[in-house]
Amino acid sequence: MNRATATINVTALKHNLSQIKALAPKSLAWAMIKSNGYGHGLVRVAKALSDANAFGVACIDEALTLREVGIKSPIIVMKGFYNEAELSQFARHRLGAVIHCSDQVSLLEKTNLTSSLSVWLKIDTGMNRLGFSVEQSPAVYNQLKTSSSIQKPIGLMTHLADADNENKTFTELQIKRFFSVTEKMIGPKSIVNSAGFFAYPNALVDLIRPGIILYGISPFGINYNSFKEKIEKKFRPVMTLSAKIIAIKNRRQNDSVGYGCTWSCPEDMPIAIVSIGYGDGYPRHAPSGTPVLLNGKICPLIGRVSMDMIAIDLRSQPNAQVGDDVILWGEGLPVEIIAEKAGTIAYELLCKITQRVQFIEIEK
């Protein structure tokens, strides 16, 4: 079979959650599995992370998918509800809602629910995306407190905009704003994402929201090394993306390789054609020199990424054969490196794996 393969190590996934809980023993872990479990498979990840205290998803469709397969854990929908029909489903399926705008508050006031709703008040401390301003939040909190449709206490949360930056000025300001505005509010608090989890121990409050680190990937990329050793030592990559060599060719000096003739052989040399391309989710903008792993050694990508194939330089691997597995990222080759080469972030690469990639689960 010549399809690219994403191997998902569920043992590594469980291990990473256990490490997170060990590093923050006083906090509950709210596992972020939005965007199809960061590309790893929504249901697969949820079933593997049964020890999580709750799951975070982006939209109601993701939450309902989990309920349909029997996931009974608390689920919080980060974008909340947008109409009465959705709100009724939240109550029916016991879904938690993030409340971030006045329209949602109005819906709560005018809708008769079959059961009360668990909600989290989103306070915008500087992300300037979703949430009530610091000035608005006390009044909204008091308004929600009077609603018979809402379970008490009300959850209180914010989102950090710049926690992966070595300059801590803005994030410290956000945390200060959050603690100040919630000082007189009663309810569980949640502040940190994956980067905040490592960089701001003072913000490890009632609930933490680990995302990318669950999958064994640094939220800091490769440029912020303060936590590099801890992450490499304690966390394991969950996804390994691989594909097979489908052809080996001996090319002459000055022969060009791939579309646009952007790369030419500096000497007579062997090259391999690997069965993966941007149609599988490998980044088209990955430049020549982007590393792949073949038989435990690094080989560089050469030429443009095609829809279905890439070419690699085999001068360091003269004994390579058709059928050999090539690792594009994962175990032995961090996806953060590929993201850096391609001018993007690991999150995007993981979320863009396409349906034609074969997914295999292992326990290792």
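Glycine is treated like the rest: Cβ placed from N, Cα and C.
Here Swiss-Prot flags Lys34, Tyr259 as active site, proton acceptor. What Swiss-Prot lists as substrate binding site is Arg129, Met307. The N6-(pyridoxal phosphate)lysine feature in Swiss-Prot is assigned to Lys34.
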Sparsest-packed among the recorded positions, when each Cβ's other Cβ atoms within 10 Å are tallied, from Lys34, Arg129: Arg129
Secondary-structure category, per DSSP, in which Arg129 (substrate binding site) falls: coil
Cβ atoms near Met307 (substrate binding site) (within 10 Å, other residues, all chains): 11
Secondary structure at Met307 (substrate binding site), reduced by DSSP to three states: coil
Cβ neighbours of Tyr259 (active site, proton acceptor) where a neighbour is any other Cβ within 10 Å: 11
Cα-nearest neighbour of Lys34 (active site, proton acceptor) within the listed recorded positions, Arg129, Tyr259, Met307: Arg129
